[in-house]
Amino acid sequence: MTRFERLRLDGVTRQFAGVDALSELSLEIQRGEFIALLGPSGCGKSTALNCLAGLLPLTAGSIWRDDVRLDTLPPERRGFGMVFQNYALFPHMSVQKNVSFGLQMHGVTRAETRRRTTDAIRLVHLEEHATKLPGQLSGGQQQRVAIARAVVIEPSLVLMDEPLSNLDAKLRLEMRTEIRRLHQSLGLTTVYVTHDQEEALSLSDRLVVLRDGRVQQIGTPEEVHTRPANRHVADFMGYRNLLPGRASSGASLLLEPSGVRVKGTPVGSVNDGDPVVAAIRPEDIRLDGDREATVDVVEYQGREFTVEARTDDGLMLHLRTGTRLSVGDKVRVGFPPDRLLLFPAEAS
Amino acid sequence: MTATTVAIRHRLAERGVDRQMLLLVPATVFVVALFVYPFAYGIAVSLQPAEGGLLAAYQAFFADAYQRDTIGTTLAIALPAALLNVVASVPIAYRMRGRFRGKRLLTTILVVPITLGTVLTAEGLLNFLGPAGWFNRFLVTTGLTDAPVRLTNNYWGVFFSLVITGFPFAFLLVLSYLSGIDPSLERAAATLGAGWRQRFFRITLPLLAPGLATTFCLTFVLAFSVFPSAILVGDPSGSTRVISIAAYEAAYVRYDYAGASAAAIIMGAVELVVIAIVLGLRGLLYTGSTAGGKG
Ligand SMILES: Nc1ncnc2c1ncn2[C@@H]1O[C@H](COP(=O)(O)OP(=O)(O)OP(=O)(O)O)[C@@H](O)[C@H]1O
Ligand SMILES: [Mg+2]
């Protein structure tokens with residue numbers, strides 16, 4: 001299979017009926033990278049993946065594998081493997097036949113096909129099920145067949161469209177590890193679509209956050225996690241507390257409606273008097289601060305409690321704490337300035 | 001309610017018998033009254049010939065080559081016509097399975113012949129393909145042939161008529177079977193390196209085949225009972241003397257009701273044999289779900 005050093009997407013755009021489903025996606029993927037495409041439902045993740053796979057023609061832009069232009073090639077000539085969101089296993093073929101299909105299409109010899117099929121089935125632990133039809137497998141097993149079928153042809157790029165979205169929580173975690181293990185042991189280059197930020201953070205080397213078809217941020221999991229580029233990314237990355245206010249004297253803001261002054265870290269250009277949004281994660285709010293709040297709701301989360309509290313001046317806050325609180329308790333909250341991010345309010 | 005009746009109800013429910021089965025009663029009565037009763041009546045009549053033993057009407061049918069050969073004649077028309085209808089529907093429906101502008105119009109044009117009825121179709125065929133029809137006039141005027149080509153009042157007239165009336169049924173059925181096949185299967189095959197030919201023959205056709213068998217049976221049954229077109233655009237005393245004509249003549253020319261019923265029963269039996277063979281072959285195919293997985 002054609003190896004490459006880098007895959008380049010250059011202003012990839014796709015419209016449906018004149019409306020951009022994906023606009024101007026530019027991205028360079030190095031060999032061996034694990035890229036996650038992350039974003040809420042309808043943001044254009046599948047569109048991006050289908051454009052890469054050649055299942056959707058581009059409206060504008062181009063895709064390059066090293067110096068070869070790819071976006072004019074049909075899917076069967078791109079040499080990418082794809083795991084479909086609904087698996088798309090061939091229902092009339094056994095697991096074995098599903099997996100060997102791609103090898104046969106690539107004209108691999110019979111002996112080699114048999115060997116590689118067996119290896120791939122062993123890799124996803126489905127030896128006992130090799131002769132079953134997809135309809136006789138559980139969801140998790142079907143998903144593993146879909147992965148084996150995509151990677152057995154040793155594609156230069158593997159595309160996965162929310163492959164775990166149909167699985168239960170436990171199996172999701174197991175398969176997540178499995179996918180990362182396969183990526184490393186087979187030396188794959190992977191583009192992985194998900195709307196689950198935790199999945200994206202734990203799997204990927206780099207994250208592409210999309211919203212309404214536009215790239216919001218490209219960065220390592222740490223960068224996106226700790227320094228979201230704008231309030232929408234912050235919202236999506238688990239900054240549950242989004243507090244409206246107005247910037248005043250550089251790095252502080254006056255919270256609305258109370259007018260209380262707090263210190264934060266501006267992201268992007270924030271001028272005095274601008275409307276801003278202050279974002280902070282529940283786990284970053286300190287409980288030894290100087291502002292009094294009353295506990296409204298307590299949810300047990302295993303090791304921690306998620307707490308909803310209201311300050312005296314009417315701010316609603318989401319907190320996390322290891323100590324047991326009950327409704328009506330008083331807590332003293334504080335915002336560490338380096339964890340309270342100030343975003344321009346209007347920026348999209 | 002006593003414990004035993006509860007136990008009985010449980011046992012029945014386990015075998016799929018419960019009160020909702022009562023909903024099937026009207027349909028069952030309908031089928032018995034309109035199908036089983038006339039069929040049984042027909043058998044009874046065929047076994048009571050005016051003279052001879054129980055099976056005399058059947059013996060007479062098979063002893064007389066003029067009657068017996070109608071089976072072969074009918075099969076020779078109906079089997080190729082049904083086959084052509086199915087085979088021609090597949091590529092057209094395959095091209096039309098996606099969404100595109102004008103699909104509804106094109107479907108309507110392809111399906112309109114259903115509404116024409118056999119007699120109108122026959123009249124059209126005579127006008128178009130008859131010895132003085134447009135087609136032959138075109139051939140003669142352009143000098144492609146010296147004399148008109150004979151395309152009506154023979155085997156071909158009936159064949160064309162069956163294709164015109166049977167194709168829309170086959171097309172609609174095949175189109176609906178095709179749209180039941182998950183389009184992501186072909187896309188998955190494409191990402192695995194399969195060109196369109198391989199995608200069609202390795203993925204779509206195997207999943208479509210059971211539907212094609214069913215479609216074939218239906219169009220075959222339609223074609224096998226051909227009667228009006230065999231007379232109007234065929235050669236009803238020779239090459240298109242089909243079995244329904246034999247039954248008609250027995251009943252209304254010779255007033256031999258036993259013979260007519262025997263011909264009708266034989267007709268049904270031949271159809272059943274063909275359908276049994278086709279469905280038997282269909283049973284060898286994969287007939288499960290055509291979806292690609294969960295979701
Ligand atoms: N065939 C189509 N025709 C018209 N609009 C489409 C089509 N496919 C997608 N869209 C639109 O493009 C946008 C992006 O769709 P896409 O399927 O890429 O979303 P997604 O990010 O994969 O969402 P999800 O997480 O729900 O799968 C959506 O607004 C959708 O309505
Ligand atoms: Mg999607």
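Placement of Cβ uses the backbone N, Cα and C atoms for every residue, glycine included.
According to TrEMBL, the domain 'ABC transmembrane type-1' annotation covers B:71-278.
For B:21-44 (among others), the entry in TrEMBL reads transmembrane segment.
Taken from TrEMBL, the feature transmembrane segment applies to B:71-94 (among others).
The transmembrane segment annotation in TrEMBL covers B:106-135 (among others). Counting same-chain residues at least six beyond the ends of the transmembrane segment (B:106-135), those with a Cβ under 8 angstroms from any Cβ of the stretch are 92, 96, 148-152, 157, 160-161, 164-165, 167-169, 171-172, 175, 228-229, 232-233.
Taken from TrEMBL, the feature transmembrane segment covers B:155-178 (among others).
The transmembrane segment annotation in TrEMBL covers B:207-227 (among others).
Feature annotation from TrEMBL assigns transmembrane segment to B:262-285 (among others).
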Selected stretch (most C-beta pairs under 8 A with the transmembrane segment (B:262-285)) from B:21-44, B:71-94, B:155-178, B:207-227: B:207-227
Folded-back contacts onto the transmembrane segment (B:71-94), same chain, C-beta under 8 angstroms, at least six residues removed: 110, 155, 158-159, 162-163, 166-167, 169-171, 173-175, 178, 200, 204, 208, 212, 215-216, 219-220, 222-224, 226, 230, 239-244, 266-267, 270, 274
